[in-house]
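The annotation domain 'Nodulin-like' is assigned in TrEMBL to 14-260. TrEMBL lists 80-97, 109-135, 147-168, 174-194, 215-233, 239-258, 329-347, 353-375, 421-442, 454-479, 499-522 with the feature transmembrane segment. According to TrEMBL, the feature domain 'NFD4 C-terminal' maps to 325-528.
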Amino acid sequence: MGFQRSFSSSSALKWLGFVTAVWVQAISGNNYTFSNYSGALKSLMNLNQLELNNLSVAKDVGKAFGILAGLASDRLPTPVILLIGCFEGLLGYGVQWLVVSRTIQPIPYWQMCVFLCMGGNSTTWMNTAVLVTCIRNFRRNRGPVSGILKGYVGLSTAIFTDLCTALFSNDPASFLVLLAVVPFAVCLTAVFFLREIPPASSAAEENEETRYFTVFNIVAVVVAVYLQSYDIIGIKTGVFSIAFASILLFLLASPIAIPFHSFIKSLNLGEQDDLEGRIQEPLLRSEIAAAEKEVIVVAAVVAEEEEKKKRPVLGEDHTIMEAMLTVDFWVLFVSFLCGVGTGLAVMNNMGQIGLALGYTDVSIFVSMTSIWGFFGRILSGTLSEHFLKKSGTPRPLWNAASQILMAVGYILMALAVPNSLYIGSMVVGVCYGVRLAITVPTASELFGLKYYGLIYNILVLNLPLGSFLFSGLLAGFLYDAEATPTPGGGNTCVGAHCYRLIFLVMALASVIGVGLDMLLAYRTKEIYAKIHASKKSKKSGGSIS
């Protein structure tokens, strides 16, 4: 009975932690919402496009300091990491609100860069706490975990945008209040429940995980479709808006039923198996003792073998230095840069891209990028896991496919075909989502989980680096070269020519990314064949070692 009670409580707590992790991710995509208030900053501070783009780069540079979160993930408990992130976000976005709401006079440019950097860095602490903890708790289902969590990050931009539109008529100052206060409150909730718990240890538990992840996927898809429907309908005032916001909050809260179901189900199983458990307990103890002896022997053999090896091979735990000495790490790093760097450039410049193409309200494009980014994340996570288990398909192949589609999207936007911004918003969103969702489990499978927090944050350096290269330099300089100066020190550009060359360069970068992803898929096909064989043998054996 003690074993069953322990299982029921730990299983329910693990799922409760995952639910709070989903909530944290649903509000931690605030870094992608810059376009919703960048226009207000540009007019209040009299900035040209290059200066505005450098503010967005400062926001993304905050992710470069995610290395600190990665180092802390192996030394500090999850609640402490979450607290650091939520307090930093409250300060970073709080000061931006003070400026945009005209509560205080515009602060010097360099100070605004600092507070944008703090806002950007806050999400690295939240994401690190959530991803590292959940990947370790559900290590047999890394693809679905990554897809669901990263999917909600993608949805968070649409969640914030649509809630602000519904409740505050898309007011930039009110939007910044949401960015400052909501993540703070949600992280304070997660502090009490999100922690590392032993992963599944039997085929029954793994099957239960698969069923529950299916429910999470269904709920997430419903939320995404609901958000997209609100954007399409276009009724964003009055009672309809309040009803929309209420239903959205209910949908976001609904996964809380899963840990309750898990707890009640486990309690019922515990009562039914009480006598059987007591009878078999001595046998269980003897099996555990025998297993412990076997583990000691195996550990001794492994220790001798490790002494003979100079460095770990792919699939084993790597320190960050060991990972960085491999060709595969840098192929993954640069291909990631080609995908997320160009995607960030579009998201950071969506406001100005929309205005250049004649749209006065770009919030629908920001929301569409977010929603379709969700579909890219959640589908790629689930499908890559399915085909890995079925046929050993290397995950990098999914990245290659997304890069091909992204290159096509950039070419369509460069040609400014009718409705190209609608098509581009969807394509960039999907492909950017695939990139994030696939790279997370790929890094853990190639370089292990022991130092995963730090390795993940080294890869995330691509976000500020890509933002600087493609948004700050490429988009900033080429836009200003085409723009016309305006009174007060700013500038503006109207027409398809404003971003044409920018899109063509980013299409070329995407093609380079395709080549690198194909190379990585070829180099890692053996490790994925081993993972496939391992998953197949575990499934047929009925237990997980």
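Any Cβ shown, glycine's included, is placed from N, Cα and C.
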For the transmembrane segment (147-168): best-contacting stretch of 80-97, 109-135, 215-233, by Cβ pairs under 8 Å: 215-233
Stretch contact, the transmembrane segment (174-194) with the transmembrane segment (239-258), Cβ-Cβ under 8 Å, 3+ pairs: no
Cβ contacts under 8 Å made by the transmembrane segment (80-97) with residues that lie 6+ beyond its boundaries: 24, 30, 37, 41, 62, 69, 72-73, 103, 107, 112, 115-126, 128-129, 173, 176-177, 179-181, 183-184, 186-188, 190-191, 194
Long-range environment of the transmembrane segment (109-135) - Cβ separation under 8 angstroms, sequence gap at least 6: 17-18, 21, 24-25, 28-31, 41, 45, 47, 51, 54-56, 58-63, 65-66, 68-70, 72-73, 78, 81-82, 84-86, 88-89, 91-93, 95-96, 99, 142, 145-146, 149, 153, 179, 183, 187, 190, 194-196, 440-441, 444, 449, 452-453, 456-457, 460, 464
